[in-house]
């Protein structure tokens, strides 16, 4: 679901480094196969006097951060402990948006109560959306990105050989089956006659697969792939939280899909650092397709125009105070876009996301509360 509920990074929709965190004919049978192919990266013989590093920060520092390693973000230390490497592949830094999406859905339902049972349900739904299904999505994405990572980040666990192919494939299946099991249990616990959470989990997992894997590999197209990623991080976990405690209505589906356009913008933020590898592998990310200068304006436009549209909708719906609150949260995002992102989207991507995206996240909650009244 993060697609699934890879549905909501770096809010880390933020790290939505998260990495590209990014529907096949309806009901067509899906054949999932993980081919075993060893990566060999050979350096060409070059006179040392001719070498000039154009990307000096490609490799992590020898004394990289152990915290970054556990969170699954750049600047990580090299690790040999298999369980730490497994955790790194799931990119815990990408879980919070999914967890927050569940919170927003529960708030929008209007039926969440601070009882032990409701809190326990919500925690289980957060675990399904975050560690299990987002972990599945991120591990799967790293598996299919191993050739690109061999160019962009050759020190990552899979291309560096820090974890074996069989271990990665096992992790993918364990996380997927765990997430689907949690969804089924939640349906029974909530008394659903129709297992909506299970089907949301299946749909989100399928979206994650076709996002990363050939032949569809949605991430090859900057528009479709990034929207799928945004929907995974915003819409899917919201739907799960709302379906768990209330009824998922058509107007909420439309509103959250609209908000997913902002998620598309956030996903673009993470494309700038991978331009070299994307171009080499034929991926048409927006920075590759349009150039960095145009792509950064598409990015901020998607984020800002979407939120302004939602604020306008809330005003039209007779909720002016919620609309004003959302506008107040958009203003600092615009400030940080000019202060950091528009100056240099590669150098300041982390600073921008850390500064601006908390306001976007709060805007999601404001919108959820508005829809619950």
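Numbering starts at 1 and runs along the chain as displayed.
Glycine too: its Cβ is placed from the backbone N, Cα and C atoms.
Keep in mind the model is a prediction, meaning the values are calculated, not measured.
Among the features that TrEMBL reports, transmembrane segment is placed at 172-190 (among others).
The transmembrane segment annotation in TrEMBL covers 196-211 (among others).
TrEMBL lists 223-240 (among others) with the feature transmembrane segment.
For 252-273 (among others), the entry in TrEMBL reads transmembrane segment.
Feature annotation from TrEMBL assigns transmembrane segment to 321-342 (among others). Residues of the same chain lying 6 or more positions beyond the ends of the transmembrane segment (321-342) and with a Cβ under 8 Å from any Cβ of it are 269, 296-297, 299-300, 303-304, 307-308, 310-312, 314-315, 348-349, 351-352, 355-357, 359-360, 362-363, 366-367, 369-370.
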Residues of the parent chain within Cβ reach of the transmembrane segment (172-190), under 8 Å, 6 or more residues beyond its termini:
1, 4, 34, 90, 121, 124-125, 127-128, 131-133, 135-136, 139-140, 143, 196-198, 200-202, 205, 244-245
